[in-house]
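**Q** Pulled these features from TrEMBL for this protein:
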| type | residues | note |
| --- | --- | --- |
| SIGNAL | 1-21 | signal peptide |
| ACT_SITE | Thr223 | active site, nucleophile |
| BINDING | Arg251, Val252, Gly253, Asp254, Thr274, Gly275, Asp276, Gly277 | substrate binding site |
Amino acid sequence: MALKSLVMAALLFSSFSMVLGDEGQKESRVYPLVVSTWPFLEAVRAAWSATENGFAAVDAVVEGCSACEELRCDGTVGPGGSPDENGETTIDALVMDGTTMEVGAVAAMRYVKDGIRAANLVMRHTDHTLLVGEKASAFAISMGLPGPTNLNSPESTDKWIKWKENRCQPNFWRNVLPVNSCGPYHPKNLPSTAVDRKEGTCPGGNLLGTHSSSHIGVHNHDTISMAVIDKIGHIAVGTSTNGATFKIPGRVGDGPIVGSSSYADTEVGACGATGDGDIMMCFLTCYQVVESMRLGMEPMVAAKDAISRIARKYPDFVGAVFSVDKNGIHAGACHGWTFQYSVRSPDMDDVQVFTVYP
């Protein structure tokens, strides 16, 4: 009877337990836990409800990101937002199981609105990691997701029309002619070095070239990136986005790139990112954050270190990350904008939003 009582007590306190670490110091383990970029409250609530009902971390991530897709969070997640240069909305999404290290992702997916569920189907039912374009759409529909569906909306179409009327400005082209028009474009002759010989400075003020995040903002270039620690301590992450507004057709950002938009390892922790994915994917930002925590960095230090590495190369960069270790300790870091991330844990009555300043 005494043994049975001990087992029941352990189960009751599994969501907040004290364990001895490697150095004999006590660590607080707080889970289940849900962390998401931005104040996407309903998405976090959906994931939290799933964990409370015993869902595994991966399934809770799918429920949370799917809720954001249905709600079209900020107009940058799910259908009906972020038209490309042709006026079309496409979907990028990823899910990663931090226990098995399996990943499923879709990129530039047309005609199917359920990005995170499509990514999960790739992980569950194929030996692949990433499917793209119309073939990703055909796969998702063959596996039972609704489609084909027009992913545009009156709002996205109106936004695209106004952009065309403004001579397609701003856009993501550089070093091309004609300037300040809708193209078609052709390469502009450049000097043999990235340095502007006439002025003696690097164009755009960036060490690595002319890329600028000046046309990146919360309402035209955003991602839900979510991490979940379930009741038994397993970790998963997921991302979903319809990409950068007025992107060049075919562009894929960091959203479906493992280690860039998000990364998880149940033995260490997780990371989620948002911002200028064309820069962030060059640094595999979230992989770097998790590996820094593996080497002993606290979540706050790991997040700040990853962001500062990018900012040193690209001072005009706009982006942010959240980090969470396997015990549920979380933090955030950003550059170029004020960042907010949302958290739900056992000691909270509802989702709380944390604000991070550059």
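Note that Cβ sites are derived from N, Cα and C of the backbone, with glycine treated the same way.
Bear in mind that TrEMBL entries carry predicted annotations, made automatically and left uncurated.
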**Q** Between Thr274 (substrate binding site) and the residue listed as 'active site, nucleophile', find the distance joining the two CA atoms and give it rounded to the nearest Å.
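**A** So the Cα of the residue listed as 'active site, nucleophile' lies 6 Å away from that of Thr274 (substrate binding site).
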**Q** Just to verify a number: CA distance, Asp276 (substrate binding site) to the residue listed as 'active site, nucleophile', in angstrom, no decimals.
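**A** With distance taken Cα to Cα, the residue listed as 'active site, nucleophile' is 10 Å from Asp276 (substrate binding site).
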**Q** If you count other C-beta atoms within 10 angstroms, which of the binding-site residues Gly253, Gly275, Gly277 is the most crowded?
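**A** That would be Gly275, with the most Cβ atoms nearby.
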**Q** Give the maximum pairwise CA distance in Å, whole number, for the residues Arg251, Val252, Gly253, Asp254, Thr274, Gly275, Asp276, Gly277 listed as binding substrate.
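**A** Maximum Cα-Cα distance: 16 Å.
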**Q** Which site among Asp254, Asp276 has the most other CB atoms no more than 10 Å from its CB, taking these as binding-site residues?
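**A** For the binding-site residues Asp254, Asp276, the Cβ with the most other Cβ atoms within 10 Å is Asp254.
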**Q** Residues with Cβ closer than 8 Å to the Cβ of Thr223 (active site, nucleophile), same chain and 6+ apart in sequence?
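**A** Thr223 (active site, nucleophile) has long-range Cβ partners Thr37, Thr76, Val77, Thr239, Ser240, Thr241, Gly253, Asp254, Gly255, Ser261, Ala273, Thr274, Gly277.
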**Q** In sequence order, which same-chain residues at least six apart have a C-beta under 8 angstroms from Val252 (substrate binding site)?
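**A** Listed in sequence order, they are Asp92, Ala107, Ala108, Val132, Gly243.
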**Q** Specify the count of other C-beta atoms within 10 Å of the C-beta of Thr274 (substrate binding site).
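**A** Its Cβ has 31 other Cβ atoms within 10 Å.
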**Q** Sorted by position, what residues of the same chain at least six away from Arg251 (substrate binding site) have a C-beta under 8 A from it?
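**A** Spatial neighbours, sequence-distant, of Arg251 (substrate binding site): Asp84, Ala108, Phe172, Gly243, Ala244, Asp278.
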